[in-house]
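According to TrEMBL, the features are:
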SIGNAL    1-26  signal peptide
DOMAIN    27-330  domain 'Plant heme peroxidase family profile'
DISULFID  Cys37-Cys120  disulfide bond
SITE      Arg64  site 'Transition state stabilizer'
BINDING   Asp69, Val72, Gly74, Asp76, Ser78, Glu90  Ca(2+) 1 binding site
DISULFID  Cys70-Cys75  disulfide bond
DISULFID  Cys126-Cys326  disulfide bond
BINDING   Pro168  substrate binding site
BINDING   His198  heme b binding site
BINDING   Thr199, Asp250, Thr253, Asp258  Ca(2+) 2 binding site
DISULFID  Cys205-Cys237  disulfide bond
Amino acid sequence: MAHFITFLLVLSLSLTFSLLPETASAQLRQNYYAKTCPNVESIVRNAVTQKFRQTFVTVPATIRLFFHDCFVQGCDASVIIQSTGSNKAEKDHPDNLSLAGDGFDTVIKAKQAVDAVPSCRNKVSCADILAMATRDVIALSGGPSYAVELGRLDGLSSTAASVNGKLPHPDFNLNQLNSMFAAHGLTQTDMIALSAAHTVGFSHCSKFSNRIYNFSRQSAVDPTLNRAYATQLQQMCPKNVDPRIAINMDPNTPRAFDNVYYKNLQQGKGLFTSDQVLFTDKRSRPVVNAWAANSNTFNSAFITAITKLGRVGVKTGRNGNIRRNCDAFN
């Protein structure tokens, strides 16, 4: 009888734990590695700065990698895992094929730098290194610097199938954007702030060609697109353009993380439908106007939004571990 009662107790405890949400942002905190690897932030920053000096692509590639990681199974570095013969990983889903290799390389180089310090070896997760590297590239390109919450574990699974329907597409309208972000506890304001990552980086022509060639029966060119900008895009992206050609998302300050993204929207120079809709839709336009006018209010909203993004689907306890190599499970 005693054994049976013990069994019931264990069963009810295990059920309780299995019902606990995976989002364990409560245990994230600044200075998480103060005792185990006190210099981790400067080690990562030095590695990221070195990579940044080699190529500016480091900036948009790392930010985008973080976003694509967090929106699929949470911020757990599952997007970095390489596919194997028996498993097609997240990074090989069509929506992730355009993730630039420099983002992956940034995290792997930073991990190597951390693990080169004997006391830090195998103590710092790839998920946390990606969160720190994201903060660092934003600051290196002129954006706001902020304290990063740490304490994420690396995820134990990565499948291409898990990416389906989880990432925003360039043709999304405001309702589609809002509902996708809301699924992760992010508000419309957070979504508008995070969209400003498009102030740096580039896009392949195929992602917006419908806006400049075959928008609708009434108009070949999207009427919300600035006319001169549309002509410029047609010159850079002719109809039979090499699919590898990429163009800057911010035509004015492509190498600065700034609020010019919102000024561009006011002029009809948002590259994607999902960018321009933030201005054309009356519900989001006031925020775009406010941030176009004031970079300080934008910066603080961005810090709030990216901190909330970093709390999505965090793995703790048995739901994760610290990977020895960021691109392979232990």
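Each residue, glycine too, has its Cβ placed from N, Cα and C.
No curator has checked TrEMBL annotations; they are predicted automatically.
Taking CA atoms as the reference points, Arg64 (site 'Transition state stabilizer') and Pro168 (substrate binding site) are 12 Å apart. Same-chain residues with CB within 8 A of the center of the Asp69, Val72, Gly74, Asp76, Ser78, Glu90 CB atoms, the Ca(2+) 1 site residues themselves not counted, are His68, Cys70, Phe71, Gln73, Cys75, Ala77, Val79, Gly155, Ser158, Ser162, Gly313.
Thr199 (Ca(2+) 2 binding site) sits 17 Å from the residue listed as 'substrate binding site', taking the Cα positions as reference.
Proximity to Asp76 (Ca(2+) 1 binding site), judged by a C-alpha distance within 10 Å, picks out Cys70, Cys126 from the recorded positions Cys37, Cys70, Cys120, Cys126, Pro168. Using a 10 angstroms CA-CA radius around Cys126 (disulfide bond), the recorded positions that qualify from Cys37, Ser78, His198, Asp250 are Ser78.
Neighbour density at the Cβ, taken as the number of other Cβ atoms within 10 Å, is lowest among the binding-site residues Ser78, Thr199, Thr253 for Thr253. Just so you know, of the disulfide-bonded residues Cys37, Cys237, Cys326, the Cβ with the fewest other Cβ atoms around it within 10 Å is the one at Cys37. With respect to Cys326 (disulfide bond), the closest of these binding-site residues in Cα terms is Ser78, chosen from Val72, Ser78, Pro168, Asp250, Thr253. Cα spacing between Pro168 (substrate binding site) and Cys37 (disulfide bond): 36 Å, rounded to the nearest whole number. A 10 Å cutoff on Cβ-Cβ distances gives Val72 (Ca(2+) 1 binding site) a total of 27 other Cβ atoms nearby, all chains included.
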